[in-house]
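K.L.:
Have a look at the structure that comes next, please.
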Amino acid sequence: MQSALDRRGLGPVAGVDEAGRGACAGPLVVAACALKPGDGRRFEGLTDSKVLSPAERERLYDVIQAKALSLSVIVIPADEVDALGIHVANLEGMRRAVAQLSVAPGYVLTDGFRVPGLGAPSVAVVKGDLVAACVAAASVLAKVTRDRIMTGLHEQFPVYGFDEHKGYCTSDHTARLTEHGPCEEHRWCYANVVAAAQLHGMRSPRTVSSKPGLFDAFEGDVVDNEQL
């Protein structure tokens, strides 16, 4: 997809992806990345960040930082996710990430769904992080950035094990959340966070979006540690 657009003179082509959409704690991180034509073949092992080992992600992160034509990373904190709702926050993060690229893209590839208002022609690519190098690069940037943030949050809130599950709805995280109740880094737009808070007589410390469906943690959001 990216190489076809480059050959037609529609570049530079930027990819956009996120990390943390399914998590019930921590920020949503969105990255945009434009690569030079042919970079996908030169970045050995570049693919969807979720199928890479942590060491492989770190290696590719450094390569992308050094060699990308342009990149940007946007961090949307938990309180903003609560205020906007996760889907709106995701769309807004993608718009911000593309807008902050130092090189205006000729085309933007998004992973799986259409994003209006990107300021350039765009197309949604199913499994884009597996088939488009620029989307894969964006996924690595977002994932590594978010994992580092969650490791830092573990130092502040060690009882939750953020360094292990990275804020996703694992059985271990759910057990810790039930035992201790949520902290300020949890997202109150998730049903499991609200349920744990009620056990401890806690109320949301901030305004939470009431858009339909945003209080549900979907089955697809529940993952094993091995998938993170």
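Glycine is treated like the rest: Cβ placed from N, Cα and C.
Keep in mind that this is a model prediction, so the values were computed, not measured.
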K.L.:
Of the candidates D79, D82, D111, which does Swiss-Prot annotate as part of the divalent metal cation site that also includes D17, E18?
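P.N.:
Of D79, D82, D111, D111 joins D17, E18 in the divalent metal cation site that Swiss-Prot records.
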K.L.:
May I ask you to report the DSSP-based helix, strand or coil state of D17 (divalent metal cation binding site)?
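P.N.:
D17 (divalent metal cation binding site) sits in a strand per DSSP.
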K.L.:
Excluding D17, E18, D111, please set out which residues of the same chain place their CB within 8 Å of the center of the CB atoms of the divalent metal cation site, keeping sequence order.
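P.N.:
Neighbours within 8 Å of the Cβ centroid, excluding D17, E18, D111: V16, A19, V30, A31, M94, T110, G112, G128, D129, V135, A138, S139, A142.
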K.L.:
Going by DSSP, is D111 (divalent metal cation binding site) sitting in a helix, a strand, or coil?
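P.N.:
Its secondary structure by DSSP: strand.
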K.L.:
Of these binding-site residues, D17, E18, which scores lowest on Cβ atoms within 10 Å?
P.N.:
E18
